[in-house]
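Residues annotated as signal peptide in Swiss-Prot, with sequence analysis given as evidence: 1-25. Sequence annotations record features per position, and here Swiss-Prot assigns disulfide bond to Cys76-Cys87, Cys127-Cys135, Cys137-Cys157, Cys206-Cys220, Cys208-Cys215, Cys278-Cys309, Cys294-Cys304, Cys308-Cys348, Cys324-Cys339, Cys326-Cys336, Cys331-Cys332. Annotated O-palmitoleoyl serine per Swiss-Prot: Ser212, in sequence order, evidence recorded as similarity to another entry. Sequence annotations record features per position, and here Swiss-Prot assigns N-linked glycosylation site to Asn295.
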Amino acid sequence: MNAPLGGIWLWLPLLLTWLTPEVSSSWWYMRATGGSSRVMCDNVPGLVSRQRQLCHRHPDVMRAIGLGVAEWTAECQHQFRQHRWNCNTLDRDHSLFGRVLLRSSRESAFVYAVSSAGVVFAITRACSQGELKSCSCDPKKKGTAKDSKGNFDWGGCSDNIDYGIKFARAFVDAKERKGKDARALMNLHNNRAGRKAVKRFLKQECKCHGVSGSCTLRTCWLAMADFRRTGDYLWRKYNGAIQVVMNQDGTGFTVANKRFKKPTKNDLVYFENSPDYCIRDRDAGSPGTAGRVCNLTSRGMDSCEVMCCGRGYDTSRVTRMTKCECKFHWCCAVRCQDCLEALDVHTCKAPKSADWAAPT
């Protein structure tokens, strides 16, 4: 059993290096690795020396980061679910997204931001759950404090988000800090915006103590909000992302259009306009929209007109099982029948050109 696995791990770095574009965050592939920490650290291609050092030194943190990859990729797919590019991932590509992120587009800006945020979230959560040797609950949240409602005692387990941010910065930014080009600066900016987004939704939760809930004493702690809050916030930043160009000395950005404001540390920035993602394009990494489900009654990005890029759509009748004739029974249950429902599903037609199906 061990011999075949050893052979796979021996060839994996060479295979992935050959298949993968240069511009990518190689640590994203950690979601697909398993086994010992040494196997994981040594067989994720593209990690720089600082990342490998941290990987070997903190295998428990790496496991948390690897589990977090699935969470932030799911969040990315949720946010883009109604768009032509839907944050689709490629199983045999350690960049996860293929060539689409080679372009310094607003989609790249979002992915780097949400992935950086995902690392902060995953590490901080693992700290609070006692899964990491190097951190625990926030040690600064002790003693008595005061807010608008009066005095309270710090108690429970406050999320140690400062540790999550510090480790995420050291690990995620390590590769970009080795580069001095424009794309590295863009990635660093968006990585930071993602980290700041998680901390933005840190909230204070309290529990009252006293006779009949009189709240004569309050115990409070700081907790991260659900990751969806961060995803929604970064989605708004994606829609308001600011196109920039490098300044003359190559140390920072200036807005491409002087009518727009200078980006803040919370904004997402990008250099290049996005492709339309209408057709499968090997160079752009676009899978196209042929076969994508569209909404016939929508006027948004998921409408058949927009999603299908004017190519039209096919309609098929499908049946699905739904709950129907639900009744409330005392006490206290709702009982339903299983019913078959017929509905029309609309999918985008393929382009008429013969080369639309060229593999990406």
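Cβ coordinates are placed from backbone N, Cα and C, and glycine is handled just like the others.
Projection of Swiss-Prot feature records onto the structure.
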| residue | record | Cβ neighbours (10 Å) |
| --- | --- | --- |
| Cys135 | disulfide bond | 23 |
| Cys157 | disulfide bond | 16 |
| Cys215 | disulfide bond | 15 |
| Cys278 | disulfide bond | 20 |
| Asn295 | N-linked glycosylation site | 16 |
| Cys304 | disulfide bond | 22 |
| Cys324 | disulfide bond | 11 |
| Cys326 | disulfide bond | 9 |
| Cys331 | disulfide bond | 5 |
| Cys336 | disulfide bond | 11 |
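Residues within less than 8 Å, Cβ to Cβ, of Cys348 (disulfide bond) and separated from it by at least 6 positions along the same chain comprise Thr289, Ala290, Gly291, Arg292, Cys294, Cys304, Met307, Cys308, Cys309, Arg311, Gly312, Tyr313, Asp314. All protein chains shown were included, and the count of other CB atoms within 10 Å of the CB of Cys308 (disulfide bond) stands at 22. Within 10 Å of the C-beta of Cys208 (disulfide bond) there are 12 other C-beta atoms, taking all protein chains into account. DSSP assigns Cys127 (disulfide bond) to a helix in the three-state reduction. Within 10 Å of its Cβ, the residue among the disulfide-bonded residues Cys127, Cys206, Cys309 with the fewest other Cβ atoms is Cys206. Between the CA atoms of Cys326 (disulfide bond) and Cys87 (disulfide bond) there is a gap of 37 Å. Each residue contributes its Cα atom, and for Cys331 (disulfide bond) and Cys324 (disulfide bond) these two points are 20 Å apart. The two recorded residues Cys215 (disulfide bond) and Cys206 (disulfide bond) have their Cα atoms spaced 10 Å from each other.
Long-range Cβ neighbours of Cys137 (disulfide bond) (same chain, at least 6 residues apart, Cβ-Cβ under 8 Å): Cys127, Ser128, Gly156, Cys157, Ser158, Asp159, Asn160. On a Cα basis, Ser212 (O-palmitoleoyl serine) lies 16 Å away from Cys206 (disulfide bond). Here Cys339 (disulfide bond) is positioned 52 angstrom away from Cys135 (disulfide bond), judged by their C-alpha atoms. Per-site Cβ counts within 10 Å over the disulfide-bonded residues Cys76, Cys87 peak at Cys76.
DSSP assigns the residue listed as 'O-palmitoleoyl serine' to a helix.
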